[in-house]
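Below is one structure, written out as structure tokens, with a few remarks after it.
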Amino acid sequence: MGQDGDGDIENVKVAVRVRPFNKREKDRRAKLIIGMNGNTTVITNPETKEDKKFAFDYSYWSFDGCKDRKDGYTESDKKSKNGDKFCDQNKVFNEIGRGILENAWKGLNSSLFAYGQTGSGKSWSVIGYGANKGIVPLLCEELFKEIKSRDGSNCVFEVKFSMLEIYNEVVHDLLDPKAGKKKGGLKVRQHPKKGFYADGLKEVVVGSYEEIVEKMDEGTVNRTVASTNMNATSSRAHTIVGINFVQISKNAAGKEMSKGAVINLVDLAGSERVDSTGATGDRLKEGAGINKSLSCLGNVIHALADEETGKKSRVPYRDSVLTKLLQNALGGNSKTVMIAAISPADINYDESLSTLRFADRAKQIKTKATVNEDQTEKMLRELKAENERLLLLLNGGKMNTQDVKDFTGKDVATVNEDQTEKMLRELKAENERLLLLLNGQDVKDFTGKDVVSKGDMESVKSQWEEELKASLAENAKNMEDMKRSYEEKLKAYTEHKTLHVDHARTKIDEKKKTVPHLYNLNVDPQLSGRIVHFVEKDSTEIGNQKGQTSDICMVGAGIHQEHAIIRNNKDKFTIKPKEKDCRILVNGTAIAGETDLDHNDRLVFGSTQTWLFQNPNEPGIDKKKYPPINFEFAQEEIAAKAGININQPGMGDGVLPEQLIECMPAVEEANSISEELDKRVKFEIMLISPEMLSKLKGKHEGFENHNMKSTTPEVCVKMKNLENGTEFIWPKEKFLNRLYLMKEMYSNYEEEEDEWDLPEENDPFQVDVNEEVLIGAVPVFLQTVAYMDVYCKYTMYLDDEKTETEKISFTPNPEFNHKKKFSFYPATQQLIDYLYNGCVNVELWGRQNVRKSAVAQRKGLSTKDMLKQDRGVFSKTANLMNGFQMNGRVVDPQKQSVIVELLLLKKTAARLQQKCDHVKTMLEHAESMNRSRISTHVVKAVYSANTDDQYRQAIKALEADVDGDDDSGHHSRPGSAQNSSVCVIL
Ligand SMILES: Nc1ncnc2c1ncn2[C@@H]1O[C@H](COP(=O)(O)OP(=O)(O)OP(=O)(O)O)[C@@H](O)[C@H]1O
């Protein structure tokens, strides 16, 4: 730490904290790759085993060595191997939080920000969970404890609390969610003295810890509402909690003194999306401010770290909302601490390494914190002290303050005036300057330079006017505040302290014990259960904002004006969609009519609203065991009902189902938005094989920079234009990027902004129809083609036998001219699905010719020589034939057998389905003939039919059946399967 005139110059302090494995990491049998020793953190590359070491101010081990106390608090387990190493919430607070608190008492600004990928533990450290309170609540608790201990002193303490969220470059006031909503959130403005600030942000005076908890709760509920309505994952938002602490006292001379400090506690958005690969190829990527703020933060930290090494660079604070608001924290008047939160698992190596690198850069930055007193005043006081010392020397101990002049030669009779008055004068002067500017006069800044030239004035005038008016209002507000006398402030402070805290959350928690209710499930565990709707009436209506009669209002894609009704008949609950197309899932299944609603049932309304129904009065619930429900549980359940079982063997290492579960609700939401905005576009999930993925590279927008390392199928999204029939495949990231923009469009539409629609080139639902698409691929090794008799084999639909083309010899350019007509009878839904979505697998085969000339040539050569000669050709062709190499890659034979087995299973399932379809059509056919009985031999013949011919024969047998009754003769129903057949020509 160094002293620079009036401030402490200090490096940003950096702490790294590693959390325990989470469920996902445990499920995937992740390995620990983080080590900590003293202040050193080591990360091991899981592939190369290479270690990288980082030294930070603090390294916090929260991976293991702990146990949960009865009250839920996680503390060190001294019996465990790493018990001494384990770091709990109190330790983090004592080492980081207390310093921030001490700074606040000294009148120094502080900032703490938490950086790391989603789920790495940022919120755990900053806010905390349950009994494991994080830095913010612990700091507030200690602050008020200390204030209380000073009761009776002549000091007035003012604590103001604010909470904002930055989402997609828009600032939302979490204590006043309606503020600036229509105008795209709160404006970030620059004040000549205090720097950037969010204009109009609500700052509430709080008088106790309980009150701060309540306000924080209120802010979190508002965050939850916004996140639930937009289905926006909070991990994409930055939250800034602001605590403004002022100490006002009277000095010995009876003059009022004030000392202020601002504490900013920042929970940053998950860092992993900064360079998400799949979206980089999207022409619309710029429009999505997904993480503009975060990438800007990276740039600012880079530039500041460069400055420390002597490089001159522009620090781009102005490029994002977050960096503007954090300007002081990063390069200004603040003591700053950063917590880098990391996962312990090998599967997150890349993200953890990038977090550690980010932290390493951040620790080089220096900030200069100054005690928040007026600087002129401080200089005058210092001069006065110096003059007094000289006067004492001159007069032999007698002091005459009247004679004291300051360095400018002016009398400093006012030298004892308190800081508040001085600041008031300054603010007035500033306002006069701003008024002059407003009136169109040229103004010089303090260095004498023109602030704005006359010529530029007109063009920027309106913009300036807005800014200036805002600054005027801000100054007026501050002046108003300062004008209040000390006695008034003391009175307000005393009154506020005794104000009754509402304890709204406690009341809700009590009521939940006896009244049936719905509570929200959110992907962010911090936000689950924050919104509670009590179901108290006999019939409770649920609908969107436009529904005037709704008891419960839900916002978001797919929610109808009158969406659902919950009925209570003597504590038996049911739920029913109000109209046919109102989507409601109960425990993952879509319902069409009135359905029972039981305790712990999971509900989804529209595409995004996910809730849990709780009925504390349901008889017998105390005897049953209910699984704990969170957002993942509900999503996995929906996926399982759709046939994707995360725990099913053969689901790989869990990445695939995880991606599917992430994409399914997203696709649902995109479809709902498309429907509501009439965008004529449909989205479907697709699994694309690694081979196909590499083909897509360079051919499809979005795949240019796609990660092609994958060896398992990847989840992609097919976008179908329902109007012109075109189809495009997007990587998951590109789709999610687009969805982000779709949601923005939808939110503008919801807010009834006239211009919600966008021109085609910026419309997230649009793609360039001229973009080329790849339809399918058959990799063929060319070298062999020229030397063989070649032919193709393929299977169509449920064919057992492969169809073969003619054989063509000795040409590198075989033309098969193959044609085959397929007729399928009957045209089942399964066949139609196959024709829509399935493909024909064409294989190119060849028979090797024994080349006599080659045999002659090789006569007399040793095996060694021959092997030498054949290296290349032999290895490719031979290995291709024995099947252990695919597309030039060696395939694990075990994997190959699993793939084959899977294909066989699929085939078996399709065949069984076909049998069911046959039986069903037979029954329908019999019904149409008014038959009430069918002979067993007919049933058997239909069931055993493997080919269309056999099936037709069986149906003929049914028609001619004398055992089965046939009262009315044969009537085929119009539109029944037997009237239609499908023909495919290859
Ligand atoms: N030190 C810890 N000890 C125990 N559990 C932890 C710890 N840190 C994090 N966790 C667990 O990991 C999960 C994710 O943590 P947290 O919500 O803090 O992550 P985050 O980085 O804030 O994520 P997001 O970016 O989504 O807000 C939590 O459910 C929590 O239970």
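Glycine is treated like the rest: Cβ placed from N, Cα and C.
According to TrEMBL, the ATP binding site annotation covers Gly116, Gln117, Thr118, Gly119, Ser120, Gly121, Lys122, Ser123. When other Cβ atoms within 10 Å of the Cβ of Gly119 (ATP binding site) are tallied across all protein chains shown, the result is 22.
The coiled coil annotation in TrEMBL covers 366-437 (among others).
Model confidence over the coiled coil (469-496) stands at 63, taken as the mean pLDDT rounded to a whole number. Among the features that TrEMBL reports, coiled coil is placed at 469-496 (among others).
Here TrEMBL flags 975-986 as compositional bias 'Polar residues'.
Here TrEMBL flags 11-365 as domain 'Kinesin motor'.
Annotated region 'Disordered' per TrEMBL: 962-986, in sequence order.
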Q | binding-site residues compared (Thr118, Ser120) - the one with the fewest other Cβ atoms within 10 Å | A | Thr118
Q) So which of Gln117, Thr118, Gly119, Gly121, Lys122, listed as binding-site residues, have a Cβ under 6 Å from an atom of ligand 1? A) Thr118, Gly119, Gly121, Lys122
Q: Mind telling me which of the binding-site residues Gly116, Gly121 has the densest Cβ neighbourhood, counting other Cβ atoms within 10 Å?
A: Gly116
**Q.** Residue among the binding-site residues Gln117, Lys122, Ser123 whose Cβ has the most other Cβ atoms within 10 Å
**A.** Lys122
